[in-house]
Amino acid sequence: MKDPFNSSFNTSPALISPTSVFMVSNSTNTNDGSTLRSRREASVGDHRQHHHDSTTTKNRNANGVLGPVVWSLFLIQHQLVLSCSMILAIFAAHALIISKVARDGHSVDWIVTLTAIIPPPIWQSLPQSWTKASQGVGPAILSARKWTHGYNPNETWSSLAMALQYQRIIVNETTGATQVLYGKGWNDFYMVFVWVLIWTAFREVAMTYFFFPLGRHFGVGEQGKKNKKAAKNKAGRSIQPEKDVHAPPEGKLVRFAEQGWLVLYGSCMWSFGMYQLYHSPYWSDTTYYWRDYPKTHLDATTKWYYLIQFAFWIQQLLLAILGIEKPRKDFLEYLIHHVITCLLIGFSYSFNLTSVGHAVLCAMDLSDTVLGACKMLKYMHKDRLADVGFVFFVVTWVLSRHYYYGLIVWSVFVEAP
């Protein structure tokens, strides 16, 4: 019998359709059935691939190279590359400006130029031979001569983003001791913008390289109990599904990683905030919320803590608006919560209510962190640990959101001037 797939038969993917392949297959005998079926599947596969390539080419011709929608999705999905690139660009511009100032013969303290990036407890504890930031040497650069032509590198956009702004040195007339404080102004938004990028990069690194692998290890994201059991083929043989570590994360796995990032952030910032709160005068006496009001100047640590908290919640708001974070059923309520949080932090900072704002942030962060950890345990199928965690969450909720926050509200109505 003549082979229907000989050299005289055109097997071009563009000319073969599933119907033609089916007609050819009916003309063959049963002895060549297996060979014909394999060739038929290959031909149909080539035809579908050719159709897919043609469709892709048409879409590209209609919408440009990739289309504006695809480009926006590309930027959202590659937020780590985008945020890191912008941070490196700001660092590079800052380094070029400072290097030029140093070559011109001015005295430069590099640590002072990075006070907005380096946590104040770190650079405040450095030896005086390394830096004079804690003594107050200007916002960025200590100059040995006056700036000519009205140019001041301390006022460039990179310096505004990298160094704490509005520095003021207060001298005690009685003891002669000096205190370095920082005021508030619109230039603080430069630092907030940089920290929005930093939090975005930290979030993507933590989720991609830690929480996604951790979730896959504990089976988070598997489709119910079906994937836990072995799938059976038509012959009845048991086949264990393989896990593809390079596959896109599923819904529950993404939610697990997002909760993990919030737990990591909340535990670090709550611990740091509580340390500052414990060593503050208003920890044991709520009247200090209102003493010496308005507090127009803050120490470096308090200002740094407040602004990076502000940047984090702005970043969370942007994630929700841009759709980077996985959509929720209560999206509208979630969005309103973030908007109100940003407004409260921003207004408390601008209206010099940072002492009571600091206490409120510590009261809110604890229970949110515990609740996120309990959700992670549920995703990891650790039901018993999750139940114990929810009991602990109720305790922290009552202590922080009802007792301690109640003291703050009582001070607002009773002790506030």
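Glycine residues also receive a Cβ, built from the backbone N, Cα and C atoms like all the rest.
As recorded in TrEMBL:
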- 27-36: compositional bias 'Polar residues' (COMPBIAS)
- 38-55: compositional bias 'Basic and acidic residues' (COMPBIAS)
- 254-417: domain 'TLC' (DOMAIN)
- 27-60: region 'Disordered' (REGION)
- 80-98: transmembrane segment (TRANSMEM)
- 189-212: transmembrane segment (TRANSMEM)
- 261-278: transmembrane segment (TRANSMEM)
- 304-324: transmembrane segment (TRANSMEM)
- 331-349: transmembrane segment (TRANSMEM)
- 385-404: transmembrane segment (TRANSMEM)
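Residues 199, 203, 206-207, 211, 301-302, 305, 309, 312, 358-359, 361-362, 365-366, 368-369, 372-373, 376 of the same chain sit 6 or more residues outside the transmembrane segment (261-278) yet have a Cβ under 8 Å from a Cβ within it. Only residues 6 or more beyond the boundaries of the transmembrane segment (189-212), in the same chain, are considered here, and those with a CB under 8 A from a CB of the stretch are 79-80, 83-84, 86-87, 90, 116-117, 157, 160-162, 164-165, 249, 253, 256-258, 260-261, 264-265, 307-308, 310-312, 314-315, 318. Summed and averaged per residue, pLDDT over the domain 'TLC' (254-417) gives 91. Under 8 Å from some Cβ of the transmembrane segment (385-404) lie the Cβ atoms of residues 359, 363-364, 366-367, 370-371, 373-374, 377-378, all in the same chain and six or more residues away from its ends.
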